[in-house]
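Colleague: Structure incoming, see below.
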Amino acid sequence: MHKQLPVICVAAGIVLLAACTNDGGQQQTTVAPQPAVCNGPTVEISGAEPRYEPLNPTANQDYQRDGKSYKIVQDPSRFSQAGLAAIYDAEPGSNLTASGEMFDPMQLTAAHPTLPIPSYARITNLANGRMIVVRINDRGLYGTDRVISLSRAAADRLNTSNNTKVRIDPIIVAPDGSLSGPGMACTTVAKQTYALPPRPDLSGGMGSASSAPAQPQGDVLPVSNSTLKSDDTTGAPVSSSGFLGAPTTLAPGVLEGNEPTPAPQTAPVSAPVTAPATATPVSAPAAAAPVSAPVSAPAAAASGRFVVQVGAVSDQTRAQQYQQRLSQQFSVPGRVIQNGAVWRIQLGPFASKAEASALQQRLQTEAQLQSFIASAQ
């Protein structure tokens, strides 16, 4: 009797082990990972904007398919998965998703066998490090070695193929909108906006619109050479007669045909004194007018409605170096904007969305960089 006891114990252990593995567990990670902890720099990612949504009552029940059992993930905070990704590329409107929505390949969505519907997850392309947020709104895949099926838009953003391995990290959205879960480790989610700036005030606003170019015209005044003091030696040629009709070199930003304007350019020359002096003389401070013209031009060029954001990092120095390199490579202005613990790297601003889109295309084709357009603030 005592000799048979070990045999019975071993047999019982085998039965228990088989019961633990015959559960469709291959669809989830074998060992539930611990809640993710950030030990590196924080990065800002884009994609579907997570928002609180009640779970679909019909799409979150345990089920069986093709002889396999699938258990819906009850605690996404302890779930993570890595494996090959498929591309779900059906025609728009051809079928409904498990959430009851019409499938749209241009939305950043995905299908997963066991994650809650609807829910959100951070998807990382393990080959190139790209990350986006997708919305889980469908079930699948079945009968393959793929762990998730991405929409065409999501696959293009991640630059995945049928042989690309990805990592799935859920993002949990609380009723108050706060985000947590493995997908938020070392990550902040960018809130994209394509809102246009407020409409200009047209009730008498025409005067304000014309005031910008009118200012430099009012500042450009004739100057008496007797009071002008300047160290600039790049003015008009010495051969200039100084007569109002004589050709002279125009200062930057000065309109041709404004005859009193060339007077400051002849200041370094002693010959043209009498003719400009006969014009309406003004005090010496007006000599600063030619300087204000070139300064106002870059200020106007730097204003715009749209910027192209290429990334965000937690190190300000790295962000500035990256922005300067991109600005030099693509010959566009740029800036680094702080947003909490991260520094956003933005190129622009641009006056129109078409200009920003053109830069987006160049970033994609020439540098293989993902970006998105946001309104300049």
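From the backbone N, Cα and C atoms, a Cβ is placed for every residue, glycine too.
Pulled from Swiss-Prot, these are the listed features:
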{"type": "COMPBIAS", "residues": "208-218", "note": "compositional bias 'Low complexity'"}
{"type": "COMPBIAS", "residues": "264-277", "note": "compositional bias 'Low complexity'"}
{"type": "DOMAIN", "residues": "300-376", "note": "domain 'SPOR'"}
{"type": "LIPID", "residues": "C20", "note": "N-palmitoyl cysteine"}
{"type": "LIPID", "residues": "C20", "note": "S-diacylglycerol cysteine"}
{"type": "REGION", "residues": "196-277", "note": "region 'Disordered'"}
{"type": "SIGNAL", "residues": "1-19", "note": "signal peptide"}
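Describe the structural context of each listed feature in the structure shown, including burial, neighbouring residues and relevant distances.
Modeller: As a whole-number mean, the pLDDT of the domain 'SPOR' (300-376) in this prediction is 85.
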Colleague: Provide the three-state DSSP residue tally for the domain 'SPOR' (300-376): helix first, then strand, then coil.
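Modeller: Here the numbers are 32 helix, 27 strand, 18 coil.
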